[in-house]
């Protein structure tokens, strides 16, 4: 299958410039293309993964990727479809974020092998040395204010106000495309659908300043079956950095994907063939309660992002927590699996009677409730049911001398640290 058709079949093409010309270019030989990543945090998140994996698919098809990290544009801020001005960051902060993002991209693109090995570029390399006068004379004169204000991403900000700094962002992104075309013969840009206005600023600059044709592919902004923006868990971004979102948390995110989205996400976020995904779809629809599509999705993406060992660890944590086998997990694994649950500091030398402890830590509201929970068998210490009202936590209950896990009922976990 032609790479363009495969991208379409996987639901990865939202919009393109001249499709016929783009198809022809991809058929005739190796195309150099780029995707830009502005450092707005110290990590990329799941929302970035759609463009990253699309870039990788094109590389596997023989085309050459350039990964542009916006050391300059990250200092300015993209106004596209944002309600308010971004907070400006210091150069030291942005430089640190650039390094982090460059490291993450190397997990997905091949920067070492073959004539189409990926190349990392930073747009601070050309913007850092250009003077304001040169910027206006050599770049700005190719953009009319009318053209710039016609962009949907700008229109939405006109009423509330947009600074010249952010207004000029589209010119900077357009110039990125121009520089990469002149220096590396890059003729295609890939980005999110919210970037269409900025990306076509690049094709316009190429046409007017160099009389060349540039191509654009936008990938869709992914939403779930309810229309909710994809890539957040409990309102928080799902990061690619394991320190910010653990492999276990990412595993759980994919396991909790709705049935209506699971097969579609397999096409977007995995490298399984379309035939393999079709087989999974049939099995999944025959027995949706077994959650095969979610299990495969979690396995493939966690392995892709964090490696096979991290996936196995996340799976083991899931299975042991589900079975209540707390003692089968290390403290490191427990911290990963129970991140975000209520955590209480306990004095090691206190007389930690189970009833007193349940109340003082806030796990229950009263001694009466605590006694009822214990007597009814609803309280577990490190996976062991406790029904003795006189039970006192001892050193033996301190896992690796660091924490104790309390469970109330089937699912409510609490961590006591010493």
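The backbone N, Cα and C atoms fix where each Cβ goes, and this holds for glycine too.
Taken from Swiss-Prot, the feature L-tyrosine binding site applies to 34, 169, 173. Residue 34 (L-tyrosine binding site) is surrounded by 25 other CB atoms, counting those within 10 A of its CB over all protein chains shown.
Residues or ranges marked as ATP binding site by Swiss-Prot on the basis of sequence analysis: 232.
Swiss-Prot lists 352-418 with the feature domain 'S4 RNA-binding', giving sequence analysis as the kind of evidence. Per-residue pLDDT, averaged over the domain 'S4 RNA-binding' (352-418), rounds to 93.
For the motif ''HIGH' region' (39-48), the DSSP-based tally of helix, strand and coil residues reads 3 helix, 1 strand, 6 coil. Residues or ranges marked as motif ''HIGH' region' in Swiss-Prot: 39-48.
Marked as motif ''KMSKS' region' by Swiss-Prot: 229-233.
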Beyond the flanks of the motif ''HIGH' region' (39-48) by 6 or more, those residues with Cβ under 8 Å of it: 69-71, 74, 77, 86, 94, 96-98, 100-101, 104-105, 192, 221-222, 230-231, 237-241, 244, 253
Greatest inter-residue Cα distance in Å for the L-tyrosine-binding set 34, 169, 173: 18
